[in-house]
Amino acid sequence: MASGKIPVDTARLPRIEMLLYLMGFCGPAFYSIYVVYLLSKEMESTLFEDLELDHSSFLPFLGRKKDIADFEWVFWQTHFREGLVFCFIGHVLVSRLMSMFVSKYRREVYLAYSFLCLYFVLGWKPLGVLLAHCMVFYAAALLRSVLLCWGVGIFIVATLNSSLFKVLKFTLSGEDESTYYLLLFTAAMSILRQLSFSLEVCKLRKDQKAYSLIDFLSYNFYIPLFFNGPVITYNTFHEYTRHPIPLDKTRLGHIVWSMCRVAIWAVITEAAYHLLYFCELEQQISILENLPLMEVTGIGYLHVQFFHVKYMVLYGFSSTIAMLDGMEPPMFPRCVSALYSFTAMWRYFDNGLHTFLVRYIYIPLGGSHKGTVRQLLASAACFGMVCYWHGGQYYLITWALLNWAGIVVESIGAIVAKTATVQHYTSQLSSPNQRRLKALCNAPILAFLILFNLVFLGGTSAGYVYFDKFFISGFPFATVKLLASMLDMASTEEAEAEAGAKAPKKNVSYPLRILYCGECTLPVEYCEYMPNNDKCKAWLEKNLPSEFGKIYLGEKSPEGGDTGETDKKGRQKRGGRGNIKIKKKSEPQGVTIARVQRNKKKYVTRIRGLATYDIDLEQARKFFANRFACGASRTDEDEIVIQGDVTDDIFDVVPEKWPEIDEDNIDDLGDQKR
């Protein structure tokens, strides 16, 4: 619940206060980890009585038995070691060879290589199942029915969850449990890609040709992102295949650093499963119920932290390989415990899945532009989709409902924060006190966010134990301790946001190079606003012709050196030379988009409001023209018209290109007249 954006410089808190917040959070967190380490060492023989030392691990020299209760980590680690690593290495080699020799047929070669890999990893029967799914989706896409595409998707997800079809898929997997689960995971990930492709085809105009079957298969079976994601929607994938990002030295260095990060976190995660048995302890409910509060806190905290680290490794490795092909996959997941709102958690933890949900469910159902009720219903549909896609078990339904309830509370809080009464009282507070108030309001949200996600990670039984320890049997002391720690965490996260606001901006080279005029001694951008800028213009034209062209391009030279204000007849007003012309800067008012019909079959998309964010409209026009491969023109001081109906794409493209514009700041006005 926030009262608006607080200026970064004026909201800064005293260093000693920030140090106390940091100690108040980090101290208990590190101590709880140490307590879990001692508990794990003490209960090693009890927990793993029949388990030998896992010498197949990357770190057998630790001499500790490994916690194998995290099925997902053990599963992917085993498959990676037994064959997937060679698929990725082979893809990199094929990709480099194709880029050097026959890049024209890169798509077809990628597809052939993918089929070859999947034949050896899965077998021909599971591969046939995945191809059958693709054929059904492609047929639905050709009919261009959104409802049919969603119906096919829901049915195929049902087959993955059905007991009858599980037996069939187990048989097709050669009755090998490992192959069955690999088919199950890859089929679930493929459904998201298949839905994305089908729905993108449905968005095409009737006179536009549908994407080919080769386009579909090469997208669905793209090896780097096939097994475990992250999800990239088809429109983004198609754009990167047409215009891949060049692999220069800077990008190669970034890729190497990303791979090093992944390797470091993989080693840390593997070491944690040898030294900290938090997964196994959480699954032993009888043990968890009888543990003291600090041990329970450490187990929950570690589970949340390493859930994030695990996906840093899984998503990070796949994304880094895809970057070698000129793609820019979704950003690495952000830590769940470092996101103090339900909205931020869904937006930043799995950015690819969030983009999928927003593009194909949230916006089509109205989103934030059709009122609060429609917004909450659209959010409920997104949670329902995620719950059903994961399997639809009872604990998933509970988790989805709790998270949706958190979104509802945040929405109500945002409405209350914007009321005149609240605005009046918060405006009486200093900026640091506003920041403290914001952290205080975020503390309980952060506490419940972590608890609700522990339901997803450990199930409803473990979730109830956590809730009981902090809010029932541990009330009030455990509750106060938890909220105090969350307050410290929320305050430190505010400091991180402050540092991010002052961090170097993307696509800006540092140090900044400022050019000064030799006449007025001001930066050259200010010369045109001076009362006597003739000498400035002459100096710029002679010494900095490129800057002269940028500033005065298309400007007519004033006759007779008259640079003062003039009236309608061209006469200079008295005192005109003494006034400096200053352009009034508009406050950001939001971006509006509208679909305008030009004739019976053709539409254009009109965008207004970009200029209020200090965005160069000419550069924006060129960006839209290149992005959508169509005509785009400036028709007014703050208006760009794009040929074709691209209103849905704008909600993804604009925040991606200009991060200062949030999707909530974009308003769809619907169909408008010319």
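Note: Cβ is positioned from N, Cα and C throughout, glycine not excepted.
TrEMBL: automatically predicted annotations, no manual curation.
Residues or ranges marked as domain 'SUI1' by TrEMBL: 591-658.
Annotation comment: TrEMBL describes 554-578 as region 'Disordered'.
The transmembrane segment annotation in TrEMBL covers 20-39 (among others).
Among the features that TrEMBL reports, transmembrane segment is placed at 109-131 (among others).
According to TrEMBL, the feature transmembrane segment maps to 137-160 (among others). Remote same-chain residues near the transmembrane segment (137-160) are listed as 166, 169, 184, 187-188, 191, 194-195, 197-199, 201-202, 204, 206, 210, 213, 216, 364, 388-389 (criterion: CB distance under 8 Å, separation of at least six residues from the stretch ends).
As annotated by TrEMBL, transmembrane segment applies to 180-199 (among others).
According to TrEMBL, the feature transmembrane segment maps to 219-237 (among others).
If one looks beyond the transmembrane segment (258-278) by at least 6 residues along the same chain, the residues whose Cβ comes under 8 Å of a Cβ in the stretch are 33, 36-37, 39-40, 43-44, 47, 57-59, 62, 64-70, 73, 77, 298-299, 302-303, 306, 309-310, 312-313, 316-317, 319-320, 323. Residues annotated as transmembrane segment in TrEMBL: 258-278 (among others).
Same-chain residues lying 6 or more positions outside the transmembrane segment (298-324) and placing a CB less than 8 Å from one of its CB atoms are 29, 32-36, 70, 72-73, 76, 88, 91-92, 95-96, 222, 224-225, 227-230, 232, 245, 247, 251, 254-255, 258-259, 261-262, 265-266, 268-269, 272, 276, 278-279, 281-282, 288, 291, 330, 332-337, 349-350, 450-451, 453-454, 457-458, 466. Under the heading transmembrane segment, TrEMBL lists 298-324 (among others).
Residues annotated as transmembrane segment in TrEMBL: 394-416 (among others).
Here the transmembrane segment (437-458) has long-range neighbours at 1-3, 6, 282-283, 300, 303-304, 307, 336-337, 339-342, 345, 395-396, 398-399, 402-403, 406, 409-410, 413, 426, 429, 466-467, 470, 482-483, 486-487, 489-491, 494, meaning same-chain residues at least 6 beyond its ends whose C-beta is under 8 angstroms from one of its own. Residues or ranges marked as transmembrane segment in TrEMBL: 437-458 (among others).
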Same-chain residues near the transmembrane segment (180-199), Cβ under 8 Å, at least 6 residues beyond its ends: 75, 79, 121-122, 126, 129-130, 133-134, 137-138, 140-141, 146, 149-150, 152-153, 156-157, 160, 169-170, 172-173, 211, 215-216, 219-220, 226-229, 231, 233-235, 353, 356, 360, 389
Taking residues 6+ outside the transmembrane segment (394-416), which of them lie with a CB under 8 Å of any CB in it? 1-2, 341-343, 346, 372, 375-376, 379-380, 383-384, 386-387, 422, 441, 445, 448-449, 452-453, 455-456, 459-460, 463
Are there residues at least six beyond either end of the transmembrane segment (219-237) with Cβ under 8 Å to its Cβ atoms? List them, or say none. 76, 79, 84, 87-88, 91, 110-111, 113-115, 117-118, 130, 134, 182, 185-186, 189-190, 192-194, 196-197, 200, 211, 314-315, 318-319, 321-322, 325, 327, 329-330, 350-353, 355-356, 359, 649, 652
List the helix, strand and coil residue totals of the domain 'SUI1' (591-658) as derived from DSSP. 27 helix, 23 strand, 18 coil
